[in-house]
Amino acid sequence: MSKLDSLFTAALEQAAQRQVRRRLRRATAAPPGRLALDGRTLVNFSSNDYLGLARHPLLAERASLWATRHGAGAQASRLVCGNLDLHEQVEAKLARLKGTEAALLLASGWQANAAVLPALFKAAAAQGEPQVYTDRLNHASLHHGCQAAGVRQIRFRHNDLAHLEHLLAERAGAPGARFIVTESVFSMDGDRADVPALAALAARHHTFLYLDEAHATGVLGPRGMGLAGLAPGGVDLAMGTFSKGLGSFGAYVAGSRALCDYLVNACSGFIYTTALPPAVLGAIDAALDLVPRLDQARAALLGHGERLRASLAAQGIDCGASSTQIVPAIVGDAGHALALAAELERRGLLAVAIRPPTVPAGTSRLRIALSAAHGETELDQLIEALAAGWRAVRQAA
């Protein structure tokens, strides 16, 4: 027993009273687009496996093959003796697909944002305190990276480029390198940044653009390689993950050769972490072969999003500015979100309730994540269940 167990218990009780306590639930494998949870198989509308690749046979086969040939682990960090030829092979393939000089693999999206940003700001400190402009709805890992670096964030209104440009113009004469840190697709709202306009704005103001492509990679942009590909000349740094649209694990940054070489020398999350293992690299490599050829699956996925948003609007449920495979059903009250999620689960569908502090108070929601593994039948089930479930929640309120 810990000496602080009474404090931990009190904190959990307070979270339960606010209807924001979390609990782990045991899941087991099921066919793509589904999940076996607590002994029941549910249609899964909470997974980030947007293209249904997590159970694709090519990923599993190559993961197994590379593990058999090269071992279960990389044995060390890459700067010690864990830099396998496989890492460089995957990075070269990724850089070609992203249209950048280089790419660098990291262990997770959180690790990338939390470690890469401080490394960038450290280099920039030679010119004085950096100016860091961040979207108000950025992911927690981006905020964490800024906080870890000790920089002050200058926050602009969500996806409001006019406000961002105003803030940049206000500080035009101030010393220090300038950074814009934002996402191309926002994970809780499913809306997109105007990446070409962002890149043009960054160029006008001589500002480094850091773009988190976690939820765009695999789904959006040329060949599914993210929205940075829509900007002439690209962006300064694109971060993305392999754990969502690519059905595997890990993360990357893509940019100039000088940038990636610098991160090898300055990014703590790269330097002090054991390298990704061969099985993971094999799955990533296979996904990179598949994704550019999946335009039809991407079109169907985004079409399902359009149909779902139209249905939610007809029911009077707010889905914000979503324009992607992520569609929030924003119901406001945390209790209502939990009740609606429970009603859907009773009907055989998993759509997890998202509550504060993940989203602002008063904006609790179901975060509905669509997948190419879902067909019209599953979408029909979801639309019908949402309509009936929302009626039941309102009647009980």
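Cβ coordinates come from backbone N, Cα and C, glycine included.
Features as listed in Swiss-Prot:
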BINDING   Arg22, His139, Thr358  substrate binding site
BINDING   Gly109, Trp110, Ser187, Asp212, Glu213, Ala214, His215, Thr241, Phe242, Ser243, Lys244  pyridoxal 5'-phosphate binding site
MOD_RES   Lys244  N6-(pyridoxal phosphate)lysine
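The binding-site residues shown are Arg22, His139, Thr358; of these, the one with its CA atom nearest the CA of Lys244 (pyridoxal 5'-phosphate binding site) is His139. Ranking the binding-site residues Ser187, Thr358 by the number of CB atoms within 10 A of their own CB puts Ser187 at the top.
Considering only the residues assigned to pyridoxal 5'-phosphate binding, Gly109, Trp110, Ser187, Asp212, Glu213, Ala214, His215, Thr241, Phe242, Ser243, Lys244, the longest pairwise Cα distance works out to 15 Å. Cβ neighbours of His139 (substrate binding site) (same chain, under 8 Å, six or more residues apart in sequence): Asn113, Glu183, Phe186, Ser187, Asp212, Ala214. Report note: the pyridoxal 5'-phosphate site is defined by Gly109, Trp110, Ser187, Asp212, Glu213, Ala214, His215, Thr241, Phe242, Ser243, Lys244, and the residues of the same chain whose CB lies within 8 Å of the CB centroid of those residues, excluding them, are Asn48, Thr217, Met239, Gly240, Ala251. Between the alpha carbons (Cα) of Arg22 (substrate binding site) and Gly109 (pyridoxal 5'-phosphate binding site) lies a span of roughly 22 Å. Comparing the binding-site residues Arg22, His215, Lys244 on other C-beta atoms within 10 angstroms of each C-beta gives the minimum for Arg22. Comparing Thr358 (substrate binding site) with His215 (pyridoxal 5'-phosphate binding site), their Cα atoms are 16 Å apart once rounded.
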